[in-house]
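Pasting a structure here, questions to come.
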Amino acid sequence: MKKPSQLSATILTIFVILAIGVMVKETLGQAPSTCFEALKDASKGASCDSELCASLCKKKSGGGVGTCRTKTTQPSKGQPECHCRFWCKSDGTPYK
């Protein structure tokens, strides 16, 4: 059987490891990630207004970058739409 001081040290070590794990998990959950959203207001029919796209994306998130791109990987096919890329929280809400 272990001595009481050894048991206390073992229990303390376990709690310290658990506390560090919880802190790391909370920190990683708050780390910014890149989000993407197609903004329909800048895309009208077969055209996309690049200035309006950039401005709407900046309104969504201060560091957002808006570009007009086609929905498909082949630029000659498909209609252009406003793609907004921005930093967001883990729940998808943008950083302001």
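Yeah, the Cβs are placed from backbone N, Cα and C, and that goes for glycine too.
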Cys53, Cys57: which one closes the disulfide with Cys82 in Swiss-Prot?
Cys53
Of the cysteines Cys35, Cys84, which is paired with Cys57 in the disulfide recorded by Swiss-Prot?
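Cross-referencing Swiss-Prot, the cysteine bonded to Cys57 turns out to be Cys84.
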Would you mind checking which of Cys35, Cys48 shares a disulfide with Cys68 in Swiss-Prot?
Cys48
For the C-alpha pair, I'd like the distance in angstrom between Cys84 (disulfide bond) and Cys68 (disulfide bond), rounded off.
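Here the two Cα atoms lie 9 Å apart.
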Please give me the disulfide-bonded residues out of Cys35, Cys48, Cys88 that lie within 10 Å of Cys57 (disulfide bond), comparing Cα atoms only.
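Hits: none.
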What is the interatomic distance between the Cα atoms of Cys68 (disulfide bond) and Cys35 (disulfide bond), given in whole Å?
16
